[in-house]
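Trainee: Please find one structure pasted underneath; my questions will follow.
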């Protein structure tokens, strides 16, 4: 096992990365190694998808399957070895079918790629584990050096994040042939074990640019289906009655669950990254979408154990449900998996509903505590003139984007302290689950504008980017000249690709934490600082002083 993709990876003087029987996330060495094998198979599939395009063959099934299967290898998504093997088998079947179609047009066709003809050596996991050792991500690290290896990981993990957003967009009926072509090109290229520093850096930025377009179609899919988010008050305390908790990012799953639970007397609660759903007009119209439950994903083993109903996981993040003894009432969907728990293959949530009806639910309603969400792209753009007027009249000094992933590291209290320290003449935009560090605090208003603006899920960084672009256009300056600072927390691969997106757009002077990614060497961090001014957080006082200048 070798995995260095998340923020909580093991760090030692000898090197970084989880390399024992189990990773810090709970992923076993078996599952980790099989995921490496799956990635290699998917790189070969992408090589064929590229070759097929030269013959005019575009296979929509492969285009949707490839990023979905890749998504299953993200942190805290799928821990089920059997499911990972099934993805690999399906990938090879799809590749074989595509090769047959290509050879009908050109019988001499070959694909010049080291993984183009990769086959699984057997069906049994012990044999596949032995085969997977060929594809361990650190196999040639000693040969190529830490910097090259780190840049490869930056590209690989960034592409994983983009693949996740591609799948979210696909679920909502959004696709783009050019995006799929770029995805396959980057995926196939990574399978060649690239060694050139400049190419690696350029392609990391290319993956970021591609992801900007992915986030655009995802935003389009969400707003076309459910309307533009509107500022909405959300109760974060329990309401008496039977209950289902839904977590993850998949708004379509939430919509289907709301439809199927109408009239049942079951209340639906959002968790984690599902919180922004309350701002969408077509979702918040359901009266039994009663509120949000819990906090950051890392606290789920305690919070889920106390929830008196079933829990539906639609995407990341899932962690071991056996710790809190709720494994019998957690249900996984789509790419999510945990060995031994219930998995829903289709879109019928009847088993979840039946389980909820058989449970007690919350015995009484607690006193309401309301927070506000729904400051999505259109709402932010509509507020652009107000923001400009406040800046011009010197009533608004600075805007901070403080958000990203949450996690269990104690150093993450920095983000709570930072938000608390933002002066009264400044506002905070936030997004992703990092908001749970401070989103239940009362920040008040500034000239009628809430000082805390919840922009949405991690992919809604797109909304913040579009606001920054509009403000810069109206003010006749660059984004980097705006009174805007980004202070981002990272944990997994979606955060990595959002960072690459921001850098690819030329956004500079981003603060990141709580630690540097384990795969980025001091040399690489120095390059990112030199090119983009990207720097690790220090102390709240020091960073605030550097940003505001006094």
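Each residue, glycine too, has its Cβ placed from N, Cα and C.
This is the feature table in Swiss-Prot:
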type	residues	note
BINDING	3, 6, 18, 25	[2Fe-2S] cluster binding site
BINDING	249, 273, 317, 405, 433, 458, 492, 494	hybrid [4Fe-2O-2S] cluster binding site
MOD_RES	405	cysteine persulfide
Trainee: So of all those binding-site residues, 3, 6, 25, which one's Cα sits nearest to residue 494 (hybrid [4Fe-2O-2S] cluster binding site)?
Mentor: 6
Trainee: Given the binding-site residues 249, 273, 317, 492, find the one whose Cα is closest in space to the Cα of residue 3 ([2Fe-2S] cluster binding site).
Mentor: 492
Trainee: With the cut-off set at 10 Å between Cβ atoms, which of these binding-site residues ends up with the most neighbours? Options: 249, 494.
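Mentor: Of the binding-site residues 249, 494, the highest Cβ count within 10 Å belongs to 494.
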Trainee: Same chain, not part of 3, 6, 18, 25: whose C-beta falls within 8 angstroms of the C-beta centre of the [2Fe-2S] cluster site? Give them in sequence order.
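Mentor: Counting only non-site residues, the set is 4, 5, 8, 9, 17, 23, 24, 27, 32, 75.
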Trainee: Counting other Cβ atoms within 10 Å of each residue's Cβ, which of the binding-site residues 25, 405, 433, 458 comes out lowest?
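Mentor: Counting other Cβ atoms within 10 Å of each of the binding-site residues 25, 405, 433, 458 gives the minimum at 25.
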Trainee: Among the binding-site residues listed here (249, 405, 492), which has the Cα closest to the Cα of residue 25 ([2Fe-2S] cluster binding site)?
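Mentor: For residue 25 ([2Fe-2S] cluster binding site), the spatially nearest of the binding-site residues is 492.
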Trainee: If you count CB neighbours within 10 Å, which one among the binding-site residues 3, 6, 18, 317 has the smallest count?
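Mentor: So among 3, 6, 18, 317, the binding-site residues given, the one with the fewest Cβ atoms within 10 Å is 18.
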Trainee: Return only the integer: C-alpha distance in Å from residue 458 (hybrid [4Fe-2O-2S] cluster binding site) to residue 6 ([2Fe-2S] cluster binding site).
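Mentor: For residue 458 (hybrid [4Fe-2O-2S] cluster binding site) versus residue 6 ([2Fe-2S] cluster binding site), the Cα atoms are 16 Å apart.
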Trainee: Which binding-site residues are spatial neighbours of residue 6 ([2Fe-2S] cluster binding site) here, meaning Cα within 10 Å, out of 249, 317, 405, 433, 492?
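Mentor: Cα filter at 10 Å returns 492.
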Trainee: Measuring CB to CB from residue 492 (hybrid [4Fe-2O-2S] cluster binding site), give everything in the same chain under 8 Å that is also at least six residues away in sequence.
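Mentor: Long-range Cβ contacts: 5, 6, 7, 74, 75, 76, 161, 316, 317, 405.
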Trainee: Measuring CB to CB from residue 273 (hybrid [4Fe-2O-2S] cluster binding site), give everything in the same chain under 8 Å that is also at least six residues away in sequence.
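Mentor: Listed in sequence order, they are 247, 248, 249, 315, 432, 433, 457, 458.
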